[in-house]
């Protein structure tokens, strides 16, 4: 078994909506990013890549490459997952924690789980997504941005 951890942050800027966990969420602010700014899928992709010792999302999809300008993070996740499977790994489970004072994530979590399970080709029981606030402390609490942490467990596929 191998475990990976991912973390991502994006500052608010411009106008919404935002995309979190592949879900378009109405919000008055947007997120500043080279791609679509999906902190949940970026953290998850990093966790998966880390568990497989394949570096990180910035190495695989550099923000200096114009090809990834405005990229759909679901596509990035699927490409990373293909590379991980090519190394002979299967998924144990993933757990994602979104850290945001606003907007509220709870109504969107079921669809996030559906999208992640689809992208990883796994059962929804292998995908957990939750959200928390920082009780108005720090940059997320002040409404300056959104953060996310994720962990992923991989196993070598049986031969």
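Heads up, the Cβ atoms here are built off N, Cα and C, so glycines get one too.
According to Swiss-Prot, the protein has these features:
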- 8, 10, 42: divalent metal cation binding site (BINDING)
- 8-10, 34-35, 56-58, 61-65, 100-106, 132-135, 139, 142: 4-CDP-2-C-methyl-D-erythritol 2-phosphate binding site (BINDING)
- 34: site 'Transition state stabilizer' (SITE)
- 133: site 'Transition state stabilizer' (SITE)
Check your understanding: Any idea what the Cα distance is from residue 61 (4-CDP-2-C-methyl-D-erythritol 2-phosphate binding site) over to residue 34 (site 'Transition state stabilizer'), rounded to a whole Å?
Key -> 10
Study note, to complete from the structure: When the recorded positions 10, 34, 42 are compared by other Cβ atoms within 10 Å, fewest goes to 34
Practice item. Determine, from DSSP, whether residue 42 (divalent metal cation binding site) sits in helix, strand or coil. Key: helix
Study note, to complete from the structure: Counting only residues outside 8, 10, 42 in the same chain, those with C-beta within 8 angstroms of the divalent metal cation site's C-beta centroid are 9, 33, 37, 38, 39, 40, 43, 146, 147, 148
Review point. Cα distance, residue 34 (site 'Transition state stabilizer') to residue 10 (divalent metal cation binding site), nearest Å?
Key: 10
Check your understanding: Once near-sequence residues are set aside, which residues in the chain of residue 132 (4-CDP-2-C-methyl-D-erythritol 2-phosphate binding site), 6 or more away, have Cβ atoms under 8 Å from its Cβ?
Key -> 97, 98, 99
Exercise for review: Just give me the nearest neighbour of residue 35 (4-CDP-2-C-methyl-D-erythritol 2-phosphate binding site) among the recorded positions 8, 42, 133, Cα to Cα.
Suggested key: 42
Review point. Considering the binding-site residues 61, 139, which residue's Cβ sits among the greatest number of other Cβ atoms within 10 Å?
Key: 61
**Study point:** binding-site residues compared (8, 65) - highest count of Cβ atoms within 10 Å
**Key:** 8
Practice item. Across all the protein chains here, work out how many other Cβ atoms are within 10 Å of the Cβ of residue 103 (4-CDP-2-C-methyl-D-erythritol 2-phosphate binding site). Key: 19
Point to revise | Assigned element (helix, strand, coil) containing residue 132 (4-CDP-2-C-methyl-D-erythritol 2-phosphate binding site), judged by DSSP | key: strand
Point to revise | Winner by Cβ contact number (other Cβ atoms within 10 Å) across the recorded positions 35, 133 | key: 35
Point to revise | residue 133 (site 'Transition state stabilizer') versus residue 139 (4-CDP-2-C-methyl-D-erythritol 2-phosphate binding site) - Cα distance in angstrom | key: 11
